[in-house]
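Trainee: When I checked TrEMBL for this same protein, it listed these features:
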TRANSMEM  92-112  transmembrane segment
TRANSMEM  176-194  transmembrane segment
TRANSMEM  206-224  transmembrane segment
TRANSMEM  244-267  transmembrane segment
TRANSMEM  288-308  transmembrane segment
TRANSMEM  351-369  transmembrane segment
TRANSMEM  381-404  transmembrane segment
TRANSMEM  410-430  transmembrane segment
Amino acid sequence: MFQTRVVASILRRNKAIINSLPSNLKGTCSSRCFTPSSANAVARTSFFGFRSLPKGHHVPSFRNMSTVASVGTEKEGLKMLVTAGPRAQKMVGIWLFGSAAWVFSMVVLGGVTRLTRSGLSMTDWKFTGNLPPLSDDEWQQEFEKYKQSPEYKRVNKGMSIEDFKFIYWMEYAHRMWGRALGMMFALPFSYFLRKGYITMRLGLRLSALFALGAGQGLIGWWMVKSGLEEPASEYVEPRVSPYRLAAHLTSAFVIYSGLFWTALSVVMPEPPAESLAWVQGAAKLKRLAIPVSLIVGITAVSGAFVAGNDAGRAYNTFPKMGDVWVPDNIFDLKPTIRNLFENTSMVQLDHRILATTTLISICGLWWSTKKLDIHPAIRTLVGATFGMAALQVTLGVSTLLSYVPVSLGTAHQAGALTLLTLMLLLNHTVRRPSMSLLKTLPQVTKTAW
């Protein structure tokens, strides 16, 4: 009874306050600030919680309420990467996702270039690029340069100029596609900086990715240059250094991962969370997802050494390698550590073991979700990741049995990046929400029956 009288008193006082406000504020405050439910909450707080307030505590004024709320959000861990509202957030997100997709296409085009043996067709390099040959004389000059390379002398001797034009255009397209990516990234970046959409933290992160992208061109030429040198033995086929190829491909994966993760952070500052139980389930899943992601990354890097040693064209049988499970020559090189990166037999065996481990690990990750209380979107994402892992292993085996055709080899490389994408998305989705969101979540999710 006493509480009801307090509520009635508060309502009468609020009505008087509303009448004293300007007309443009009356509707807002009457509908959102002084509802009966809020008055009851105030009464309960005043009546039951007054004694628990520390000495000197004061209730902030109406004028300072929005400032207090924003400061509280910042203190409790919600850090937005983009300012100026949802529209700016959407624009920056689209730009970053587009940049990540461009890098994805670069990786695929690079795979085609490698599988068609086009990477050594251009024997010089300029950071700014240059125009392609536009006349027959210019084409003949480029062809003469290529004829001096070890690849022409030992692999493509007698090649026609028409065949040379094909591999030249493939490498030229790969290089110019990378330079176009630099422009596509730099111009919107400058625009968003000038508009003030990008925070200092996001600006530093994107600047680092841009610098890494610029360095990727240098790494690419450093890789190609190794294939233009005379091999140590006349029986060795000219190819780029597997270490440099692995560095080039790994750098591309790092750039892609950085762009994709940053784009997710821009458009999805908070993970999907509707209850504390789901947050706890996501935390348990995260402890499993991180090591599985590490295995996926290591497997992808080992694939670069398979490509660098042309190991996919050896032992084109599965599950055995020829007539045996483990070849006898996997430790032929000295020191022993070289076998992991330069021995064709060991490199392919290593990739097989890692790929199998990846599939089993992701299968275990999927199985563990059956016992966890997690968001349905996360459960679906884990299932999609398991399906992609199975498809990637199928592509790898098919590529091996088919003696590495361009189509399957390219699909297998694209599949590796797709699987990495799903693992990045999973890790981003199961991260911990901010304190401001956690405080608003119920213990369990209310289900509508």
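Cβ atoms here come from the backbone N, Cα and C positions, even for glycine.
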Trainee: For the transmembrane segment (410-430) against the transmembrane segment (351-369), do we get 3 or more Cβ-Cβ pairs below 8 Å once near-sequence pairs (under 6 apart) are dropped?
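Mentor: In this chain the transmembrane segment (410-430) does not contact the transmembrane segment (351-369) - fewer than 3 Cβ pairs sit under 8 Å.
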Trainee: Given the transmembrane segment (351-369), which of the listed stretches 92-112, 176-194, 206-224, 288-308 has the most Cβ pairs that are under 8 Å apart from it?
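Mentor: It is 288-308, which has the most Cβ pairs under 8 Å.
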Trainee: Give the nonlocal contacts of the transmembrane segment (92-112) in its own chain as ranges (CB under 8 Å, at least six residues past its ends).
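Mentor: Counting only partners 6 or more residues beyond its ends, the transmembrane segment (92-112) has Cβ contacts under 8 Å with 81-82, 118, 170, 173-174, 177-178, 181, 184-185, 188, 192, 197-198, 248-249, 252-253, 255-256, 259-260, 262-263, 266-267, 406, 409-410, 413-414, 417, 421.
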Trainee: Residue list, the transmembrane segment (206-224) vs rest of chain: Cβ under 8 Å, 6 or more residues beyond ends.
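Mentor: That would be 119-120, 122, 125, 127, 175, 178-179, 181-182, 185-186, 189, 198, 240-241, 244-245, 247-248, 251-252, 254-255, 258-259, 262.
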